[in-house]
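Feature annotations, courtesy of Swiss-Prot:
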TOPO_DOM  1-51  topological domain 'Cytoplasmic'
TOPO_DOM  73-103  topological domain 'Extracellular'
TOPO_DOM  125-130  topological domain 'Cytoplasmic'
TOPO_DOM  152-185  topological domain 'Extracellular'
TOPO_DOM  207-215  topological domain 'Cytoplasmic'
TRANSMEM  52-72  transmembrane segment
TRANSMEM  104-124  transmembrane segment
TRANSMEM  131-151  transmembrane segment
TRANSMEM  186-206  transmembrane segment
Amino acid sequence: MESSRGKPGLNGSGGGAAAFDYSSRRGYYTGAGAALPPLAAGSRAPPVDPCCVALRVFVLLGTLASAVVMAADRQSTTVQIAAGEQLAPPLRVPVTAKWTYSSAFVYFVVANAMVFAFSAAALAAVRRRSAVVPVMVGDLVAMALLFSAVGAAAQFGLLGERGNAHVRWAKVCDVYGPFCERAMAAVVVALIAAFADLVLLMLTILTIHKASSYY
């Protein structure tokens, strides 16, 4: 009967016809009826994109520079405080600004140090096929850490630069000028590193998408 005939290319009848290998999860196309054995796990290293490596090196160096600059940021100066009596000379009081005095700056240093450590580990595992997905997930977490740390540090820096008239918080960057400049420089470098990590994550996703046999 007509219904009992096998369909060429699906059950092996019809020699020379194009066929698919359904023995593996991906079903590799052979084009000649012969099954193509799937690659063994870890049998071949994934291709390395030089652009991705360059971006990761930039993130590594950028987060290191941001963490070091912020952690070394310290300034001691002297401010004048007017005495109660008009004829009395103003009092000269020594004051010090350090990054540890701000929880936003502490979080900034810790986040950059964590991203630096992850970037170094990711560079060491760049040739391992089994590390592609864990590194991609780590890049997502690192990007979130960087953007949140940059936002917190930038908000505190703007508060020191401009103050807040609504709650009568005076600006302090006119007193601690070099301290604020170094802190904002570290924030800018970390922001650029965060965008570089974003581009790196997008390129990694595109590379995996192109290399996948599903599409």
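Heads up, the Cβ atoms here are built off N, Cα and C, so glycines get one too.
The structure displayed is predicted, hence computed values, not measured ones.
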* Intrachain residues whose Cβ lies under 8 Å of the topological domain 'Extracellular' (73-103), provided they are six or more past its termini -> 109, 156, 172, 175-176, 178-179, 182-183, 186
* Asked: So how many of the residues in the topological domain 'Extracellular' (152-185) end up helix, strand or coil by DSSP?
  -> 20 helix, 2 strand, 12 coil
* List the helix, strand and coil residue totals of the topological domain 'Cytoplasmic' (125-130) as derived from DSSP. => 2 helix, 0 strand, 4 coil
* Asked: Where DSSP helix means H, G or I and strand means E or B, what are the helix, strand and coil counts for the topological domain 'Extracellular' (73-103)?
  -> 4 helix, 16 strand, 11 coil
* Asked: Mind checking which residues reach the topological domain 'Extracellular' (152-185)? Cβ under 8 Å, same chain, six or more beyond either end.
  -> 69-70, 73-75, 77, 79, 95, 97, 99, 102, 104-105, 107-108, 191
